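K.L.:
Got a structure for you, questions after.
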Amino acid sequence: MQTSTFIFCCNIALVIVSISGLCLTSSVFDFIVVSRLYYTVPDHKVLINPRMAFWLFPSSTFSLILSFLSLLFLSAGPRVIKFAVDNQMILSLAHALLMCGACILSSFVSFICAQNANDIAGYAAFATPAQFQLASAWYYSRLRALVVISVIQSLLNGIIVSTLYLGISCKYRTFVQLAEKPPQQGLIERTTYFA
C-alpha cells in the first residue's frame, strides 16, 4: 500500500467517524439536556452540562472539514494544484498545525466525555426512579460511544500527521511486489536434504 492510498483511506475513515461523532453528539444534547432537565432530584445537580456541546460539536466538525477538504483536493483543478505547488511550505505547515489541533481537540473531548460518563455511571446502574435509571443508562452508553469515536478521531488525525509530516512512510508490499523481490546474495540454495 502506498502512502497516498493509506492517507486516502485514513481521510475516508475520518469523514465517516466524524459524521458518526456529530450524530452521537446530537443524540446526547437533546431537549432534555439543553434545557437542563437531566438532574438529580434532591440537590438538582445537572449531570450533563449543556456547555459541553461547545467542545463536542466543533471537534467532530473540525475533523470532518479537514478530512473532507483533503479529499476534495485530490480532484482539484490545475490552478489549485499549481497554487499548492507554489505555496507548498505554507500549506503544509498550515495543514500540519490544523491536523495537530484536531488531534489535541479530539483527545480533550474524549477526556471530557469519559469524565462525564464516569459521573453518570452510578445513576445508570442504581437509581431510585426507574425512568431516571433508564435515562441515565441511555446517556451513559452514548457518552461511552463518544469516548470511542473521539479516540478514533484523534488516532486517525495523529496517523495522518505522522505519516505526512513526521517522515513515517508506509513500507507495505503487495503480493505482486513480494513475488518480484530478488533473492538475497547470502543464501545458498540446497538441492538435497542430506548434503
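Each Cβ is built from the backbone N, Cα and C atoms, and glycine gets one as well.
The following feature annotations were taken from TrEMBL:
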- 12-33: transmembrane segment (TRANSMEM)
- 54-77: transmembrane segment (TRANSMEM)
- 89-113: transmembrane segment (TRANSMEM)
- 146-168: transmembrane segment (TRANSMEM)
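Where in this structure would I find these features, and how exposed are they?
P.N.:
Within its own chain, the transmembrane segment (12-33) has Cβ neighbours under 8 Å at 48, 50, 52-53, 56-57, 59-61, 63-64, 66-68, 71, 135, 139, 142-143, 145-146, 149-150, 152-153, 156-157, 160, counting only residues six or more beyond its boundaries.
Remote same-chain partners of the transmembrane segment (89-113), defined as residues 6 or more beyond its termini with a Cβ less than 8 Å from a stretch Cβ, comprise 52, 55-56, 58-59, 62-63, 66, 70, 143-144, 146-147, 150-151, 153-154, 157-158, 160-161, 164-165.
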K.L.:
Quick test of the contact rule: Cβ under 8 Å, at least six residues beyond the ends. What residues does that give for the transmembrane segment (54-77)?
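P.N.:
Same-chain contacts beyond the flanks: 7-8, 11-12, 14-15, 17-19, 21-22, 25, 28-29, 84, 95, 98-99, 101-102, 105-106, 108-109, 112-113, 146, 149-150, 153, 156-157.
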